[in-house]
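First up is the structure itself, then whatever we jot down about it.
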Amino acid sequence: METDQDMHDQAMAGEETDLDEKYPNRPQNKAPTLPFHDLYETLFRPLREIKKKPVGPAGNRRKAGPHGLSAANLNPIERRRDIIERFISRWRKEVGDDIYPAFRLILPDKDRDRAMYGMKEKIIGKMLVNIMKIDKNSEDGFNLLNWKLPGQSATSSMAGDFAGRCYDVVSKRPMRTEFGNMLIEEVNEKLDQLSSASKEEEQLPILAEFYRRMNPEELAWLIRIILRQMKLGATERTFFDVWHPDAENLYSISSSLRRVCWELHDPNIRLDAEDRGVSLMQCFQPQLAQFQMQSLDRMIARMRPTEDDPVFWIEEKLDGERMQLHMVSDASAPGGRRFRFWSRKAKDYTYLYGNGIYDEAGSLTRHLKDAFADGVDNLILDGEMITWNTEQDAPEPFGTLKTAALSEQRNPFRQGIHPLFRVFDILYLNGRDLTRYTLRDRRNALQKVIKPVHRRFEVHSYEEATTKAEVEASLRKAVAEASEGLVLKNPRSPYRLNERHDDWMKVKPEYMTEFGESLDLVVIGGYYGSGHRGGKLSSFLCGLRVDEGQSSQGSNPTKCYSFCKVGGGFTAADYANIRHHTDGKWVEWNPKKPPTTYIELAGGDSQYERPDMWIKPEDSVVICVKAASVSVSDQFRIGLTLRFPRFKRLRMDKDWKSALSVQEFLDLKSHAEQEHREKEFNVENFRKKRVKKTTKKPLAIAGYDENAEVQYAGPSGHIFDGLNFFILTDSNAPVKKSKAELENLVKANGGRIFQTNDAVPDTICIADRRTVKAASLQKKGDIDIIRPSWILDCIKQSEIDAGLPDLLLPLEPGHMFFMTKDKEEIVAGSLDQFNDSYARDITVEELRNLLDQMAKDGKTDSFCSPEAIQKVTEHIQEKVDSGWTMPCGWLFKGLVLCFPENENDSASEGPEPKQSQRIHLAQNTAKFAGASVTTSLKDTSITHVVVDPDFTSSELPKLRRTLSTRRKLPHIVKVNWIEDSWKENTLLDEEQHMPVYMRRYPNIQLMKV
């Protein structure tokens, strides 16, 4: 009788035979693959430690010898590449030319040949509890199953890092303390089995084998591979570039890691010209639209219009899933055609949309029998798969797409929702690659080969335009129809594979100025944050009170429908205030017994946007929220939600009974949309290049609380993960900390404490005084001794950079109690010629001294080129759009602040008045944080007028007369709006910072932007 292992071995043998036939020249390794522990020892860990190891950047002081730079003098990018090159060179020498087994583990998110595991953190945590026979209610059981929550001990206090939690728990009960005995190839085989297992009971013994054969660190890395969350600090482009000069190009046209490894195993053999284009039945990486820029004028300029051809195209941005369709004529296939569908992430959706005309499981291809012109043998189309509601003859939100496809599979004759493929590009036709042709030529070809099928398979329309006014008109229409926005396209451009380029540019309504009303919503749920906000409720689920007419008979009168999540705009004081009024009233959400008496979520049993904690409406608070727009969403109970909601203030004058109801919201929405159609839209300065500053007055330091003590608040993080410390003394400066306090700070931030310098390798010695032990270490002369100020600076900088990757500060001369000769040049390289740190945010006093020294030296550095600044700006914006925290230097980005000149100031003599100095400080802060600053009220782009506290009602008429001709008037705020927003690192509500008399007499309040 055949066992499961026998069947698996037979399947593997059959797969190998198929691969040999498909890749007859694939490389063969000459030796077994490296042990799995070598992978993390020589690659994973060194790459992660680049951002951990406290060494200075190379900067502009690097000195190269006759053989180039030493490893210690390489900058982080060069060191990262050096590590990858060494690993690949070793693989080629010791194993062979087939690096595919290693790349599958290094870049698991790019491996399309291995199916998804169907295992997220919760399932893995439950399995580990089972495997290690831990009580789920014990401390370790709780920490594994509730990994986002703060741990119950100092070592497990960090929330939000699941693999770290697993390491913490497994290291207490490891099956192995030495390296495991699994080879990379064995790990791949077991992962293949894991991905093919369909049930948890089939996956459990496989994970148990990993636990038995790996040490805790190996298992933690394996879990990162399973979750496809490596976070190595190096992208696939870096690995591809080191592997072969054509690797990135081949991946762009094939999305196949296997092809990159097997077809490009020899770096000296380049791809042929005919192999550099898209191919039938090979998934490519599509072109993406660039993010919105400073202004419509600038975006239009990026379309590169010419005198002879000034036209650009405007397309509606569709709310669906990017999809590519490959079709080839095949006489052996029923209906004579074969189809393949892939998403932008290279997921194969052929099973959902169909592989042939008569595929009964196909929700789309069954309608494509007559969709192509005669003579079309094969093609590749690029487009968007959307959900279409036949009853409403309108699109549905993106989240309903898979439901629509499955519904169409089950019953193709029912009315309701179904997939609609909107095609906007053709890249391949009858054996010819069209990517090098212009968009206009490709569109002409598309129109000739496609025969649209109504509401099933259509060519996406576009409008030709030459002016900004035409774009603005299309934007009005887009918002009125609740569209995703617009895409501007250059019709003279080629198709750029795997590239986000200015030839296509997004214009989205949510980037416009405020939309609609401020809403008073009741808080009904809370979500724990991750990273620096881990262990605390950092965002809230808000609901709409159910009206009597909408509630079912006998239902709870306090019931609320889920409406939106709010996480922006809160200050530390706001969080504290909410905690104060709701303390002891929060209840953990139980998915098996949801509190449907009080709260109703969307999705039925799926419980969309399920909070971590919930609270009864009568026990909760009401918050005032504003947002960019209202959008359709099936993730919330009423089918609508807010785009980019932002907290304004806590409404302690209201309770749940006076919070917004469902019907009141629908009435407000209808009224706001009617007004919105009549207004002109202003596109915010979304990607504004920083303006060069010319200082006319002596530079003042932008710091509003210069006397505040430097103290550590809330020690918790990962900044010292993997580091070992020996702390010899207490800290004397910049603040006094005892030895025990320093040790607790280190442990709370991931470090380990030892009481000798030689207990473990690479121990960091910390001292601020010349004790007997410190003097003994110094006398040896081979150990660096670092001052405690470096620990405090690292923690402080980590808090400032919350949301960014944890990076240890490079050591500076001031951090060194004693250093060895070979460290002197490296440490000196962490400062520039003015002794300004390359990595650390310096204090006000340090900045003042530095500026004084610069003035004495009379030296200035040249500015970066505008092109370089723009490139860096766009790179940062991509990171922000993908979920990173907005840098403090962009807090006021896109705003134009006017500081009107006071006539009395210009006539006065003597020292600068205190209030004028305060305004000047605010101007510096605003400029530093990305705002454009002007003193002229004639500037039509002004978004805020900033006045000092002495601004009186007698000055208002003149100000209003100056601004009265504008269709949209700016906010008028006191200078402390800038000060308070900067301190809280979030844009605060303008209404709370208007001059006092304007709040007292609301009839004179100016219209908002």
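Glycine is no exception: its Cβ is also placed from the backbone N, Cα and C atoms.
Remember, it's a predicted structure, so these values are computed and weren't measured experimentally.
Record check: Swiss-Prot places E315, K317, L318, R322, F424, E484, K489, K506, K508 at the ATP site, and the matching candidate among E274, E360, E384, E391 is E384. Between the stretches 51-72, 447-468, 535-556, 953-974, Swiss-Prot puts its region 'Disordered' entry on 51-72. From the options 1-34, 579-612, the stretch Swiss-Prot describes as region 'Disordered' is 1-34. As a whole number, the greatest separation of Cα atoms within the ATP-binding residue list E315, K317, L318, R322, E384, F424, E484, K489, K506, K508 is 18 Å. Neighbour count (other Cβ atoms within 10 Å of the Cβ, all protein chains): 22 for E384 (ATP binding site). Within its own chain, K506 (ATP binding site) has A289, Q290, F291, Q292, K317, G485, L486, V487 as residues 6 or more apart in sequence whose C-beta sits under 8 angstroms from its own. Summarised by DSSP class, the composition of the domain 'BRCT 1' (715-808) is 32 helix, 14 strand, 48 coil. With a cut-off of 8 Å between CB atoms and residues at least 6 apart in sequence, the same chain places E384, I386, P395, R422, H460, E484 near L318 (ATP binding site), listed in sequence order.
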